Amino acid sequence: MELSRRKMCCYIQFCCFVLIGCFISQICASSDAIFYESFDESFEGSWIVSEKEDYPGEWKHSKSEGHDDYGLLVSDKARKYAIVKELEKPVELKDGTIVLQYEVRLQNGLECGGAYLKYLRPQDAGWTAKGFDNESPYSIMFGPDKCGATNKVHFILKHKNPKSGDYVEHHLKFPPSVPSDKLTHVYTAVIKPDNELVILIDGEEKKKANFLSSEDFEPALIPTKTIPDPDDKKPEDWDERAKIPDPEATKPDDWDEDAPMEILDEEAEKPEGWLDDEPEEIDDPEAVKPEDWDDEEDGEWEAPQIENPKCESAPGCGEWRRPLKRNPAYKGKWHAPLIDNPAYKGIWKPREIPNPDYFELEKPNFEPIAAIGIEDLDQQDGILFDNILIASDEKTAAKSGILLGSRSLRWKKRNRRLKKNQPLLDGLKGIQKAVFDVLYKIADLPFLGDHKVKVLELIEKAETQPNITIGVIVSIIVVIFSILLKLLFGGKKAAPKVNVVPKKKEEPEASNTAEVREGEEEKTEGEVAAAPRRRPRRDT
């Protein structure tokens with residue numbers, strides 16, 4: 001009895017640690033997520049659709065195909081779309097790490113169109129969200145774009161020249177390609193305080209760059225110190241020829257420029273059996289003049305030609321001619337040999353002068369993000385945007401990507417495992433049954449009292465799912481131990497009723513066991529922050 005009591009206390013302590021860790025993780029995540037849009041609720045009133053005539057495309061609050069999760073959907077083909085969300089407070093990019101992340105699913109593929117986001121800088125006075133269009137100034141443009149030869153994940157920084165005051169688009173060189181499947185993918189851009197940029201797709205690093213490197217951005221953020229002098233001109237006597245014909249060379253006396261390249265082969269002989277009197281083609285004896293043929297209008301009718309059947313067994317027909325062969329005396333046009341040019345000065349270049357627009361830069365002049373917009377002409381429908389996140393911590397975004405966005409990768413692996421490990425999965429079905437048997441026995445414990453009905457309801461709900469989930473089992477255990485805690489430490493006070501039925505909004509948390517196991521295998525030990533709460537969905 002004493003041993004059982006000790007085990008019970010250990011279980012209680014373990015569950016307490018788990019609950020405390022979850023609370024701390026949630027607090028950390030909420031503080032690091034500057035902006036998060038899950039599209040669980042309708043976007044109307046929060047996201048503003050452009051009222052410009054150029055953007056007739058209709059946005060829809062729709063579920064992803066085969067999922068219970070909602071997103072922002074491009075609903076029609078060959079339409080221009082524009083929608084924007086103004087942030088409560090502009091996000092500064094100059095200090096600390098900033099993570100830009102979102103999910104997109106190309107449900108019908110992407111032949112020609114974009115699925116990128118525009119992170120708008122503060123607009124001029126008088127600008128309204130209803131007037132959002134392609135001229136609305138942005139700070140960063142990020143996301144997939146594909147059309148014709150273009151197939152890349154854009155990252156464009158619109159940077160203000162500190163000398164001229166002009167804004168210049170700086171494109172990331174050699175960006176990663178867009179995944180070609182129709183699954184959900186997470187696109188992440190991490191802007192670090194050391195001027196480093198990291199692009200990830202589904203949590204996997206695809207590109208690393210430095211904002212101040214001329215090898216990573218075109219044009220470079222920092223201009224060159226010198227430029228070619230636009231007023232400098234090449235001297236008239238400047239000789240750029242490295243080689244010249246030898247002026248002292250003469251053509252040899254035996255060099256015949258008129259000799260032909262080919263001559264008749266005088267040694268050739270006509271093959272035996274050659275039919276000199278037989279033509280190579282003859283009139284088709286089976287051809288008949290058409291009845292509607294009019295000689296006056298169509299001309300004299302002639303039978304079509306066919307190959308002479310007599311020539312098939314002979315080496316040839318018709319007049320025999322000697323074949324040609326290469327002329328051994330042929331040398332072609334004579335040219336003087338080339339020698340080094342004594343007057344050669346090299347390829348002329350204008351002299352370099354100090355660049356009047358040069359400036360030094362320790363950090364890019366990032367403009368704040370005041371709004372997030374989607375604006376493009378899409379030839380495909382079925383583009384679904386979801387889980388748009390701006391965070392100040394990489395772990396928050398990484399956790400979000402692993403738990404919410406890397407479904408495509410996890411489900412590919414899962415499907416491979418289902419085929420490979422079918423015998424193992426058959427064994428797991430027996431384990432599932434045993435687990436539910438234990439849970440039903442726990443539900444019959446006397447101390448549950450009034451809570452027994454709720455616990456049974458939750459167990460039955462989990463059992464009716466296609467596959468049980470670890471999340472549901474853990475929830476049941478936590479509820480039971482929470483009741484036990486109150487019984488042990490709550491004194492004589494009546495235990496309040498516990499609502500153990502998950503909220504309707506969070507019911508989809510009971511997702512597939514294999515998916516959860518897959519997520520657990522992919523988690524790394526360094527993850528400590530949790531993503532904003534979100535209903536998971538699966539890709540099929």
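Note: Cβ is positioned from N, Cα and C throughout, glycine not excepted.
Since we're looking at a predicted model, the values are computed, not measured.
Residues annotated as compositional bias 'Basic and acidic residues' in Swiss-Prot: 228-253.
Feature annotation from Swiss-Prot assigns N-linked glycosylation site to Asn467; the stated evidence is sequence analysis.
Swiss-Prot lists 227-360 with the feature region 'P domain (Extended arm)', giving similarity to another entry as the kind of evidence. Computed over the region 'P domain (Extended arm)' (227-360), the whole-number mean pLDDT of the model equals 92.
Among the features that Swiss-Prot reports, repeat '1-1' is placed at 229-240.
For the repeat '1-2' (246-257), same-chain residues at least 6 beyond its ends with a Cβ under 8 Å from one of its own Cβ atoms are 329, 331-334, 336-339. Under the heading repeat '1-2', Swiss-Prot lists 246-257.
Under the heading repeat '1-3', Swiss-Prot lists 265-276. Residue counts of the repeat '1-3' (265-276) by helix, strand and coil are 0 helix, 1 strand, 11 coil (DSSP-based).
Under DSSP, residues within the repeat '1-4' (284-295) fall into helix, strand and coil as 1 helix, 0 strand, 11 coil. If you look up Swiss-Prot, you'll see 284-295 marked as repeat '1-4'.
Swiss-Prot lists 299-309 with the feature repeat '2-1'. Across the range of the repeat '2-1' (299-309), the DSSP-based residue counts are 1 helix, 3 strand, 7 coil.
Here the repeat '2-2' (318-328) has Cβ contacts under 8 Å with residues 259-266, 268, 270, 274-276, 278-280 of the same chain, all six or more residues outside its ends. Residues or ranges marked as repeat '2-2' in Swiss-Prot: 318-328.
The annotation repeat '2-3' is assigned in Swiss-Prot to 332-342.
What Swiss-Prot records for 346-356 is repeat '2-4'. Away from its own ends, the repeat '2-4' (346-356) comes close to residues 223-230, 232-235, 238, 240 of its chain (Cβ-Cβ under 8 Å, at least six residues beyond either end).
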Remote residues contacting the repeat '1-3' (265-276) - C-beta distance under 8 A, at least 6 residues beyond either end: 310-311, 314-320, 322-325
Tertiary contacts of the repeat '1-1' (229-240), as residues 6+ beyond its ends and Cβ separation under 8 Å: 341, 343-348, 350-353
